[in-house]
Amino acid sequence: MNREVVTMSTGNTLPPALAALASPLNDAQLNQLQQTVTQLNAQQLAWVSGYFWGLSQSNALSVPHISAGQTASAASGKLTIIFASQTGNAKGVAQALLKEAQAAGIQAQLFDASDYKGKDLAKETHVIFVASTNGEGEAPDNALALHEFLKSKKAPKLPNLKYGVLGLGDSSYQFFCQTGKDFDQFLENLGAQRLVERLDADVDYQAAATEWRKQVLSILKDELTGAAAVTSVATFAVSQTAESHYSKEQPYTASLSTSQKITGRDSGKDVRHIEIDLADSGITYQPGDALGVWYENRPQLVNALLDSVGLSGHEEVQVDGETLSLHSALTHHYEITAANPQLVAQFAELAQSEKLTSLAQDKEALREYATRTQVIDVLREEKVTLSAIQLLSLLRRLTPRLYSIASSQSEVGEEVHLTVGVVEYEYKGEQRLGGASSFLAHQLEEGAPVKVFVEHNNNFKLPSDDNAPLIMVGPGTGIAPFRSFIQERENRGAAGKNWLLFGDRTFTQDFLYQVEWQKYLKSGVLNRLDVAFSRDQHEKVYVQHRLLDQAELVWQWLQEGAYFYVCGDASRMAKDVHQALITVVEQQGGLNREQAEEYVSELRKAKRYQRDVY
């Protein structure tokens, strides 16, 4: 992930912007600082600047005042950037905008939405929101309170505010960029003026986001001038996990240590326990974080795709300014597995397909079709010959897959573990495989290189209080982060109670990490384990049913301050568990439905109800 930094130069003297300040340091301190600075490279300076800022915030130190005479010219205003992010993409875009604003001499500040008070918008002149969308159109957890405030009657009128919104989402889903659309509408309703039109960016958002930021900055240069970039600092707290310089854009080349199937021979699922060696990388992570994995497309799929549109793969194409063969571009740079509605609609027009054109006019049918097909299936709907440029114009750029980390570093050291469900099904008699999951499970041999990075997730974290009880709901591969939670709690010697609810199809074939859970039960680290195997009896039973079965105990734990976690499928499981939790609160707390919903909402705001759903 990118870190917000205050840019400093290297060399034998202090950076000019720093030297220009009325220094609060004595001569000895200045000399010591200068000697240290000259020994650091640009990357180290960037880290140190963020670290010292975090210290200054935690110790409530003030930033030195800069008078008009100490800067080139006084600022006519400042830019406030607010990010609403679930997995880190929106945060990364917001940090990039901050750096670019600083470089342009614009005074700017960056806020995590959870740290920003909505009423303070009345004091702002220029605000940019960068917002991702969680689940089925929900605001990310860090933006729930701000989202609720801005749509309430408590929100202030904002006639003096100019704003812009960049939404991130996936057009495959019905509520594409819904959180960005919400913030845009809220601000308009409050009388704010759009600085720039909202951008609804898809999965491959990088190029569109870069152009949008350029547009924003070209406007802001005329309206916000003169502030020294060194005064622009992020106000969100420095993470407890030191951020490495490896990121989505600059991943670390690790190696695959283990890929072990952990479902039974007769299971209908192929779930893998993956271990990746991070030795000498310096990468650190916390329970709740995710690992980003860059993958390569299967040669067989690339060849089939080329054959379907009459291309050889030897054609030369330009990718990011580099000349590549089409085969190489499809292998390393383009998404050729999952279909999406935009692909279907564009191919329908290009191929003049009546069938696909008719389908594209029905949004619900289009989404359903795109969900169950892959790119190759769409291209085979019509026999057409495409040019290399036409083919690439249909495709999204390849993006890494994020997997919930299934290990604690206090337990495994310089390794990271994943629990990966291999996507595998048949379509019209042919096998279809997921891109990243099949890469990890089938393409890579042990010892092979794999490019990875850590995506920190501050919205899914263990409580700082080791005495707090935990209730963890993780069916299927949703069990992954709770393996890391339990490992961490054991290594910390945490006294808090731990309760795990796991579900899958059958006890004998699909009980993931069964031996480990039994060990933790025996040792007392895990206080309770409830399981729901849906196909082991005539009537299907799921984790939400187990919650309702134990409603009295769930309520008791909540009253004792328990934290409630859910990981796994967003489309059905997470919704059903959410409704079951409300029912538990309603029945056991003696509340009506509306009051129970408010209680659960307050749990989320207090970060005692956290979800990692997908």
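Keep in mind that glycine also has a Cβ here, set from the backbone N, Cα and C atoms.
Model, not experiment: these values are computed from the prediction.
The feature domain 'Flavodoxin-like' is assigned by Swiss-Prot to 79-217, with sequence analysis given as support.
Sequence-distant neighbours of Asp170 (FMN binding site) (same chain, 6+ residues apart, CB-CB distance under 8 A): Phe176, Asp202, Val203, Asn340. Annotation source Swiss-Prot lists FMN binding site at 85-90, 132-135, 168-177, citing sequence analysis.
Per Swiss-Prot, the feature domain 'FAD-binding FR-type' maps to 249-463; the stated evidence is sequence analysis.
Sequence-distant neighbours of Thr419 (FAD binding site) (same chain, 6+ residues apart, CB-CB distance under 8 A): Ile262, Val271, Arg272, His273, Ile274, Tyr403, Ser404, Ala406, Thr477, Ile479, Ala480, Arg483, Leu512. Annotation comment: Swiss-Prot describes Thr337, Thr371, 401-404, 419-421, Tyr425, 434-437, Tyr614 as FAD binding site, evidence class sequence analysis.
The NADP(+) binding site annotation in Swiss-Prot covers Ser534, Arg535, Lys540, Val541, Tyr542, Val543, Gln544, Asp576. Cβ neighbours within 10 Å of Val541 (NADP(+) binding site), excluding its own Cβ and spanning all shown chains: 16. Reduced to three states, the DSSP call for Val541 (NADP(+) binding site) is coil.
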Completion exercise
Taking all protein chains shown into account, the Cβ-based neighbour count within 10 Å for Tyr614 (FAD binding site) is 19
Exercise for the section: Run through the Cβ atoms and count how many others sit within 10 Å of the one on Lys540 (NADP(+) binding site). Expected result: 12
Exercise for the section: Would you kindly give the Cα-Cα distance separating Thr337 (FAD binding site) and Asp576 (NADP(+) binding site), rounded to the nearest Å? Expected result: 29
Completion exercise
Smallest number of other CB atoms within 10 Å: among the binding-site residues Ser534, Gln544, that is Ser534
Problem - Diameter of the NADP(+) binding set by C-alpha atoms, the set being Ser534, Arg535, Lys540, Val541, Tyr542, Val543, Gln544, Asp576, in angstrom - result: 18
Exercise for the section: From the binding-site residues Gly434, Ala436, Lys540, Tyr614, pick the residue whose C-alpha lies nearest to the C-alpha of Tyr173 (FMN binding site). Expected result: Tyr614
Exercise for the section: Among all chains shown, work out which of the binding-site residues Tyr173, Phe176, Tyr403, Tyr542 has the most CB atoms within 10 A of its CB. Expected result: Tyr403
